[in-house]
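Undergrad: I grabbed these lines from TrEMBL:
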- Arg40: L-glutamate binding site (BINDING)
- Ala74, Ser75, Trp100, Thr148, Asp167, Gln190, Asn232, Thr233: pyridoxal 5'-phosphate binding site (BINDING)
- 4-336: domain 'Aminotransferase class V' (DOMAIN)
- Lys191: N6-(pyridoxal phosphate)lysine (MOD_RES)
Amino acid sequence: MKHNFGAGPCILPQEVFKQASQAVLNFNDTGLSILEISHRSKEFIAVSEDAIKIVKELMNVPEGYSVLFLQGGASLQFAMVAMNLLQEGKKAAYLETGVWAKKAIKEAKLFGEVEIVASSKDANFNFIPKGYSIPEDAAYFHITSNNTIYGTELFDIPKTNVPVICDMSSDIFSRDINVADFDLIYAGAQKNIGPAGATLVIVKDEILGKVNRTIPSMLDYKVHIEGESMYNTPPVFSIYVSLLNLKWLKSKGGIAAIEKENIAKADALYQEIDRNPFFKGTAAVEDRSRMNVCFVMENPELEKDFLKLAEEKGCIGIKGHRSVGGFRASIYNALPITSVHVLIEAMQEFAEKHK
Ligand code: PMP
């Protein structure tokens, strides 16, 4: 049995894989595959509407927000956010908490001035900066709620009058958040939403339409809102599997229930990292991510051996990102706590063997 700790695309529930494969052969008893039906068919329009509805329901999205399934990944959102929201002559404020934030900043600079209000770059992004101020006249303030590579998570959403934009790619649907604290949330689907190919955007309608620049249709949120995520052919399979996965989440008790499980999984793993003298965590304790648990070995020469043992036990995808080294165990929603226990046992067995 494999225990998939991959950072994304990542594990999804087995039952979702089964339902998805059934739909490839015969979608809802239509005698057709989900892959061959028209995106404008009543069957697929129902899928798209249900997917948007379940996002609104699970996240308690208030009135005045639109939910979109787009393409281009979170990386296209880096540019779309600035293109749609950075008014001419204004500046955008960014919190620099990792490579993804840096990439977002790079794209924003194409459209205007950017102010980095705080950065943890000098510490290889191992913590979330705090105590900074956000310029009152900024067009918006951009944060990354979970830094997938470094295993840090932003738990205190800054309070500000400036619109807050959040890259929630790697912790969306993992914990309760108040959508009203944000003006735009975006996330690539390939972690807690579904398979790669779709990008979820939740945007407060009133922040749009304030820039004068020409925006190509495909990059204009308003065009996609008017087209109800059907301006062009949407990523039908990714949206369908996302719907299945979000239904699974709902059946488990929604975000409140999964958040409890996620806390239990993260607590168990961090406890072992702190207890076991062979391992140490890399992120500041108060900013430790519940989705991506990053750790190294006290003796880096042993890392190859531990990786081998973990792989023998079926734990895959735990090699750390090259910019941090060591290990990263991604413990997204669909990863059961039993898999976390297998990894913990491997850590204990390794310590026992090498003491
Ligand atoms: N932001 C974060 C926090 C991510 O983890 C990732 C991808 N892992 C991205 C952005 C980029 O997403 P995509 O590959 O969908 O463009």
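Cβ coordinates come from backbone N, Cα and C, glycine included.
Unlike curated records, TrEMBL annotations are generated automatically.
Mind running through what each feature is packed against?
TA: Under DSSP, Arg40 (L-glutamate binding site) is assigned to coil, being neither helix nor strand in the three-state scheme.
Taking all protein chains in view, 10 other C-beta atoms sit within 10 angstroms of the C-beta of Thr233 (pyridoxal 5'-phosphate binding site). Under DSSP, Thr233 (pyridoxal 5'-phosphate binding site) is assigned to coil, being neither helix nor strand in the three-state scheme.
Around Lys191 (N6-(pyridoxal phosphate)lysine), the C-beta neighbours below 8 angstroms that are at least 6 residues distant in the chain are Gly8, Pro9, Cys10, Ser169, Ser170, Asp171, Ile172, Met291, Ser330, Tyr332.
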Undergrad: Note down the number of other Cβ atoms within 10 Å of the Cβ of Ala74 (pyridoxal 5'-phosphate binding site), including every protein chain shown.
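TA: Around the Cβ of Ala74 (pyridoxal 5'-phosphate binding site), 22 other Cβ atoms lie within 10 Å.
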Undergrad: On the three-state reduction of DSSP, what should I expect for Asp167 (pyridoxal 5'-phosphate binding site)?
TA: strand
Undergrad: At its widest, how many Å does the recorded pyridoxal 5'-phosphate site span between Cα atoms of Ala74, Ser75, Trp100, Thr148, Asp167, Gln190, Asn232, Thr233?
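TA: The widest Cα-Cα gap among those binding residues is 30 Å.
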Undergrad: Ser75, Gln190, Asn232: which of these binding-site residues has the highest Cβ count within 10 Å of its own Cβ?
TA: Gln190
Undergrad: Find, for the listed binding-site residues Arg40, Trp100, Thr148, Asp167, the residue with the lowest Cβ contact count at a 10 Å cut-off, counting only other Cβ atoms.
TA: Arg40
